[in-house]
């Protein structure tokens, strides 16, 4: 009997241990990071300047987790002004308090203070990124987030030999905060960047830069996973590697059906996971990123390079092979690439595209002007440059909207952002003065918990038309349709892809075209929606999506943490 009791006890203890282990695996691991915001000197383009960094590096540190993990990041602000940090593409279930956009879900972290943010990973798998989300500080304050498959699972493609993160960035010789402050004061366009960068280095084509060009070492015959992030402020990018094909397998923290291509087009805010096999003669090959900017607006039309460097003994070529990428204004090349993207839609990685829509929204996307008396501003016609969604240019409040919504504070925002434009016109044709001058307001779009939402984003020919990368916080969404010209609600839905549309968090609205997105509003909270071209976001191409609480505590916003940064403009 004693032995039987012992065996039974051991069996029971083992069962408890196994259940605990499975519960921990299901809940994910917990990680802790310290981010110290501080000024650091860097020398690029023949001169030295101080920039705001995290932990003294540019780009900043990488966060590495498994799917379903949780991260606590203690942000210590040792800089000169208030800053916030956003975890781009992380859904943050029921936890908008740590999402980060300035005066939307929190006020800036004041200098010489700290704020701990809880970053909750759920369904994301692949590559995302983090960045500052106040003024233009994200130009230098950003880094990668790598989300590995859960322990016991693997990639839906052959495991690569190794992986590397490539962050597409840029370098301003001037102070980025002064650049945007001056532009907003005068009403004109902000100065463009002086160089693009790959992992912080401009590359061989810029002055004083070829000694620091980033090099990616590879072994012949091996396959590598490149995690590519576009952190650039205002330019979309074409990207390619000389004589090497790319296989795109993921985007924005979700898997894609593999596509083979010799270039990608990636907008600010997007991430792409790309396989490349080192199958050429051992040598050096240029990795290149150039702008896609089909617009009359000013942009940085320069080229950044890195080098794919085979290991081994060989004669270094006198001329390194250079890839052929589309021209800066090749709208067809950008569109032809984008329409090839499809969700993997496998048994292990299924899609759940809403079919029965309960909330339909039609939203126009425009660059506008604000009238200045006596042509006293530096924008077109002596006016001030502006931007809008549905002809409403967003005005950022002094108190964050999440706090105002949660505590029912009056006169901070209005919850009546329209589901449709007040009137329709030929959006992509000769617009005349239609909606040239937008309303200025702080308005939020409200939907019910679990609404099946469809948003048609309609680009317009008002102002300087171009491709607009629109980003929605708190959600990934399905891109079910895309086209040129004015959206036709009778014929265009017939072309929707409801089988395997890409699931993303940032989508480019084509120049003078439209895109349709769908998602289930199952994440209660206050979530920012904005153009990821930073000058457009600064001009008001933003709104806020409020998803109301469901009927239970498990379907409602979590209570706020004990400490939130105070709302005094710093």
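Note that the numbers count up from 1, one per residue, in the order the chain is shown.
Even glycines carry a Cβ here, placed using N, Cα and C.
What TrEMBL annotates here:
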type	residues	note
DOMAIN	38-150	domain 'Plastocyanin-like'
DOMAIN	165-313	domain 'Plastocyanin-like'
DOMAIN	429-549	domain 'Plastocyanin-like'
SIGNAL	1-26	signal peptide
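Mean pLDDT, taken over the domain 'Plastocyanin-like' (429-549), works out to 96 on the 0 to 100 scale.
Look at the domain 'Plastocyanin-like' (429-549): DSSP puts its residues at 10 helix, 56 strand, 55 coil. Across the range of the domain 'Plastocyanin-like' (165-313), the DSSP-based residue counts are 11 helix, 71 strand, 67 coil.
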